[in-house]
2 protein chains.
Amino acid sequence: MIEQRKLRVAVLGGGSVGSQVASLLIAHGDELAARAGAVLEVVGVVVRNLDAPRDGDIPRELLTTDASALILQADIVVELIGGLEPARTLILEALNSGADVITANKALLATHGPELFEAAEQVGAQLHYEAAVGGAIPIIRPLRDSLAGDRVSRILGIVNGTTNYILDRMDVEGDTLENALAEATRLGYAEADPTADIEGFDAAQKAAILASLAFHTTVPLEAVHREGMTSVTLEQVVSARKAGYAVKLLAICERITDAATGVEGVTARVHPALVPLSHPLASVHGANNAVFVEAEAAGSLMFYGAGAGGIQTASAVLGDIVSAARRHVAGGPGVAESTQANLPVLPMSSVTTKYQITLTVVDEPGVLAAIATQFSDRGVSVEAVSQSVRDGGDEARPTATLVIVTHRAAESSLAATVTALAASPVVSSVVSVLRVEGQ
Amino acid sequence: MIEQRKLRVAVLGGGSVGSQVASLLIAHGDELAARAGAVLEVVGVVVRNLDAPRDGDIPRELLTTDASALILQADIVVELIGGLEPARTLILEALNSGADVITANKALLATHGPELFEAAEQVGAQLHYEAAVGGAIPIIRPLRDSLAGDRVSRILGIVNGTTNYILDRMDVEGDTLENALAEATRLGYAEADPTADIEGFDAAQKAAILASLAFHTTVPLEAVHREGMTSVTLEQVVSARKAGYAVKLLAICERITDAATGVEGVTARVHPALVPLSHPLASVHGANNAVFVEAEAAGSLMFYGAGAGGIQTASAVLGDIVSAARRHVAGGPGVAESTQANLPVLPMSSVTTKYQITLTVVDEPGVLAAIATQFSDRGVSVEAVSQSVRDGGDEARPTATLVIVTHRAAESSLAATVTALAASPVVSSVVSVLRVEGQ
């Protein structure tokens, strides 16, 4: 039998994902070698503390604290440290030494992606990052390869499992946001400091990565409009369901034309939105993730699965390791990241969306006309209005609830309308303003 | 500016997909060149009749009837003729000349896949076939690359849009199978001769392709157990919904252990099945396709989208063309198909599934016990029984309907049980026997 080629794999990071990746590489060695066309030898696992307890079965002698020394021995480097530094420096060291790099580090990719892709291209190495978005859900490769001949027009993604768990629990169990968050923390879905999830920072990083990939254009993290979901109330979730919607925190990437300037470009944003119950994203429950892609020729596609648990992320990382190994075996440089389209990245003010506005209004003749005028005066077109029966106020001044859904409107026009409504004598209060997506 | 590399693309077949692929390659030339790193020049489109009317804007001078001559000029050959011959011979000619080949030909891959993959590997070319299953839904690349480090345990796929349209219409509109088929034909979802779709031949080809890919094992078409959906009645669909199920024609690929022999292997089968309404596949409506994948580390994933329309298939083909072009630009041979696992392909008799059996029984004391005994005597364990109120027969011998769901059982045990039930004096008739999947 011919001796099989051997490829040396260095794992940076001995946390949950790193331990599982190293353990599975060792445990499934023969199987993975057959698929990769080369033996994948784990040459070391870089940890901060050699004596810390860790998951999985990693032989003690593989543990090291010297990342730079280990990188020099490796054909494939797996970065699972997280954070910007030293991850960035170590990845650059690895790429410059000619190693292929696999990372799940969304913060780093969203912040320093172009620098890393450039470094990989310079030496003909390749940077893989299937695990950075959606855990084990294959979304990076489908966008980069399968849809490479198509034109993606829009991505709507539920890319943060923690916030989907919280919103789904509010919807299904009737929990308040505080209680649902407490439950998410208890179950380990939310971290001790949940800011990155609930304020949308995590989703914004993923939006930057998805938009860059889908539109072949570098979309910097700073260009992603971000609103968290801490302002979503149980009342909003309950009313949404009655009106035929689920509330989801969405990462939205769109190719649009600015109505004022005629400039065609791309946008990325993260905010809570109403999704019609008939839309496939409305059925994504618990901590699951899903990415809905609309493309010119392919039509609508959806990719669905568990979010980023340790074992799911390990699955995606192992797939990337096998892909990298196959390329090493085949020879030839890696495929460079495609950012040749260089479309302008447009600001949030270029975006138009539908809105649902809930108002408490004085229940008397002429009110609807007065309110409709506030919309039409600012060029916002109304798609649907529903008015409840008298449900508040007092005998002298009874009130009712009015729910208005607009056609697509610019944020500035909508904001001006809401300001005018709030000041109107027939409006008691503006209860809620939410964007509507997926229609 | 540096002159960009040029790659010559030959399109075999000027039908709906071929015309759209050629037209889009020409219309989106600059955009695709930027993504691929090379100009993709269409050197010709092979047609049977130069004068036939066709879709899209293909310059007349690109049309030719001489496939072999065109192949010799091409770096990338796109086979969209369909059928076994001359497609097989032309693909072999192309691979042997060193060209990468893109095909959407599921019949050919399911029948002659190993020969074609072998030919590609010999010369270091690559055979791409993302369009062969699920139209534009990326499923080939996710299975081959993204999940290459994981262990797939099961695939449940709605991979035939025609039959899903028919079954969904029976469910949603209450149409009979005949009427739903007529409507599918009218809308162009079903062909004049719908045999390949409704008898499951098309789905069986896709099952062979998916099983081969998922389990790194050659699964020949003959090894796929196939049952069509022509025996599904409106009554079954209506009763299924009442009991909490949708009826779907599924392609099912499993890694299982034969209970009798202890042999671990793989199976592939196509048949109608009950899917719980809570399962994501139950919500796949109309002519859409979806592939549900269960893997050891990744957990459950679903890939969803439109089935194989002309434009959707063109999207997948164009993605493959860009991938092939990137490899040409990078250099190095293609990645060989992974079939190194060589697991045994097990027969249908190794498969166990749950069953739902609907019986009309004599409504008198002791009947349930008599029937339960028929199951237990053959080692079939009952999970749930529901009995309707008296709904038939006459005064002297009233009857009721009994719906039994079993735990997983072997087909042979179930068949023996059904035979015994049919002969039982307390059973008026065996109304329906359906497998239950996705639970």
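Note: Cβ is positioned from N, Cα and C throughout, glycine not excepted.
Owing to the predicted nature of the structure, the values given are computational and were not obtained by experimental measurement.
Copied from TrEMBL, the annotated features are:
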{"type": "ACT_SITE", "residues": "A:K206", "note": "active site, proton donor"}
{"type": "BINDING", "residues": "A:L12, A:G13, A:G14, A:G15, A:S16, A:V17, A:G18, A:S19", "note": "NADP(+) binding site"}
{"type": "BINDING", "residues": "A:K106", "note": "NADPH binding site"}
{"type": "BINDING", "residues": "A:E191", "note": "L-homoserine binding site"}
{"type": "DOMAIN", "residues": "A:356-435", "note": "domain 'ACT'"}
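Between the listed recorded positions, namely A:K106, A:K206, the fewest other CB atoms within 10 angstroms of a CB are found at A:K106.
A separation of roughly 14 Å, to the nearest angstrom, links the Cα atoms of the residue listed as 'L-homoserine binding site' and A:S16 (NADP(+) binding site). Within 10 Å of the C-beta of A:L12 (NADP(+) binding site) there are 25 other C-beta atoms, taking all protein chains into account.
Among the listed binding-site residues, namely A:G13, A:G14, A:G15, A:G18, the Cβ with the most fellow Cβ atoms inside 10 Å is that of A:G18. Neighbour counts of Cβ atoms within 10 Å were taken for the binding-site residues A:S16, A:S19; the minimum is at A:S16. For the NADP(+) site, the Cβ centre of A:L12, A:G13, A:G14, A:G15, A:S16, A:V17, A:G18, A:S19 serves as reference, and the other residues of the chain with Cβ at most 8 Å from it are A:V11, A:Q20, A:V21, A:A22, A:V45, A:V47, A:R54, A:L80, A:I81.
Nearest neighbour of A:K106 (NADPH binding site) by Cα distance, taken over the recorded positions A:L12, A:G13, A:G14, A:G18, A:K206: A:K206. Shown for the domain 'ACT' (A:356-435): DSSP residue counts in helix, strand and coil, namely 24 helix, 35 strand, 21 coil. Summarising the environment of A:V17 (NADP(+) binding site), the number of other Cβ atoms within 10 Å of its Cβ, over all protein chains shown, is 25. Confidence for the domain 'ACT' (A:356-435), expressed as mean pLDDT, is 91. The CA atom of A:V17 (NADP(+) binding site) is located 19 Å away from the CA atom of A:K206 (active site, proton donor).
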